[in-house]
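**Student:** What follows is a structure written as structure tokens; I'll ask about it next.
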Amino acid sequence: MKLLAVRRLFRIQRVVIRYRLDDLLFALPLPWWMLAVRFVLPWRWLPRRKSELSRGVRFRLALQDLGPIFIKFGQLLSTRRDLLPEDIADELMLLQDRVPPFDQQVAINLIEEQLGARICDVFSRFDETPLASASVAQVHAACLKTGEEVVVKVVRPGLKPVIGQDLAWLFILARMAERVSADARLLHPVQVVMDYEKTIYDELDLLREAANSSQLRRNFEGSDLLYVPQVYWDWCRPKVLVMERIYGLQVTDMAGLADQRTDMKLLAERGVEIFFTQIFRDSFFHADMHPGNIFVSTVNPWSPKYIAIDCGIVGSLTPEDQDYLARNLFAFFKRDYRRVAQLHIDSGWVPAETKLNEFEAAIRTVCEPIFEKPLKDISFGQVLMRLFQTARRFNMEVQPQLVLLQKTLLNIEGLGRQLYPDLDLWSTAQPYLERWMRERVSPKTLFGNLQSQVEQLPHIAGMTRDLLERMSRPHASDPPRPWHERKDEPVLRLIGAALLVGGAIQGWVMSEAATQLLTLTAWPAAIMLIAGLYLIVRR
């Protein structure tokens, strides 16, 4: 294993030298002792041919040479436009995850091992030549004994050791970058590699992908917008996924779409509607919607329907994130930059101590030039990217779900404008957002929220008792500071006030109840009142 790791290191070094990636490294603001290293690197003494390749192209070619794990890492980096220079991010978008298929017999043996049955006992037909092959898995067409046409996705054998080895080197490089460069620390390279580690290992678990596909299919059951293939759970395993085979046109097949007279304007608008439906209605979105994973049904081209596959990567937003995102978009298009800044602080995306006026000015400086364009030409994805870039200067915490959202929005937006160049994303999205905002404050929604809060009332007494017990325990080795010196005094007093008010309200509500219920439910209110008084008056 150690020998393989050393060989891999030499391979990485050769690729770095070949594409002169050290030029990219030494262009960064590094400590003097790191910059001095360039004078002792032997290959920098040798005469070099003038390269006509840009730094972005060299970086992309280097990742391609290093193999599929680095290719997928580059694809992940391409979504982080808030971290990368634009020229490098554009080049990384061109990375293609295509590798030669592995041996057919190996695939068959692995499928039979996972299913615990022979191929001929499960499938009436199995095509040994794969339909597609990528770094993590390859796909074969087949037909179940029951007659359904399916595809069989099988994970490449022996991937985990290779992934572990490459991830180890990526972590080493990321930690080195954080130690030697203050600028690198702002980009959180270790966190980026950790996000990639989770993504790549999630993709190795095909049961997770099957569950994601089933959820997305259920969300759009009977919809005119999107179709998701059926998963055949009886034949799904951690390394094998069997699902319905779909037939449709690749979404980028403009000639094919034109031949069947597809309504391109409606198709583009429905793509936007699918995105906002996933974000705001379901809070569950397909986060890998590049053109290779999207098809268009050949049925009813005048009312076109999308087909989505490969749900290995999905994202979700909390209700709070949904609300702040919608309000941010409305505030931005009203040019209310103070509101945008305040929402970032209120949401916790940037630190609470951020100076609101400075943050507002920075957002205005970055975003005001965008409005020089007609509204239909403004890119939602670029808006989010600019906002994230600005917020990073104010120590915005990396929000993985928002990164996935930005990536998905850029894909959907780019695809929509490719289908219909005059697509006005804001006009298409605005009615949906306004309807969602109205529903958020509708009596039905408010009643549902109130009901969920009432369901928590029985737990309050237990939580209060636990709080009082913890506060009454003696401190064995670290005696507490005097009450008036404690930094959390205002917070605890605020909690005390909340308990006092909550106890009073609960007592009033229960006093309206029947007498037989009163004796059973009055004691939680009493405990809340006592706890609140204790926290407020204690010295």
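Here, residue 1 is simply the first one shown, and the rest follow in order.
Glycine is treated like the rest: Cβ placed from N, Cα and C.
Pasting the relevant annotations from Swiss-Prot:
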type	residues	note
ACT_SITE	Asp288	active site, proton acceptor
BINDING	Leu131, Ala132, Ser133, Ala134, Ser135, Val136, Ala137, Gln138, Val139, Lys153	ATP binding site
DOMAIN	125-492	domain 'Protein kinase'
TRANSMEM	23-43	transmembrane segment
TRANSMEM	494-514	transmembrane segment
TRANSMEM	517-537	transmembrane segment
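Describe the structural surroundings of these features, if you would.
**Tutor:** Reduced to three states, the DSSP call for Asp288 (active site, proton acceptor) is coil. The Cβ of Asp288 (active site, proton acceptor) has Asp310, Cys311, Gly312, Ile313 as same-chain neighbours under 8 Å, each 6 or more residues away in sequence.
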**Student:** Please report the number of other Cβ atoms within 10 Å of the Cβ of Ser135 (ATP binding site).
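**Tutor:** Here the count is 21.
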**Student:** For Leu131 (ATP binding site), what is the secondary structure state per DSSP, taken as helix, strand or coil?
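**Tutor:** For Leu131 (ATP binding site) - judged by DSSP and reduced to three states - the answer is coil.
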**Student:** In sequence order, what residues of the same chain, 6+ apart, have a Cβ less than 8 Å from the Cβ of Ala137 (ATP binding site)?
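**Tutor:** Lys153, Val154, Val155, Arg156, Glu203, Leu206 - these are the non-local Cβ neighbours of Ala137 (ATP binding site), listed in sequence order.
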**Student:** Which residue, of the binding-site residues Leu131, Val139, has its CB surrounded by the fewest other CB atoms within 10 A?
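**Tutor:** Sparsest of the binding-site residues Leu131, Val139 by Cβ contacts within 10 Å: Leu131.
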**Student:** Mind looking up the mean pLDDT for the domain 'Protein kinase' (125-492) in the predicted model?
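**Tutor:** The answer is 81, the mean pLDDT of the model over that range.
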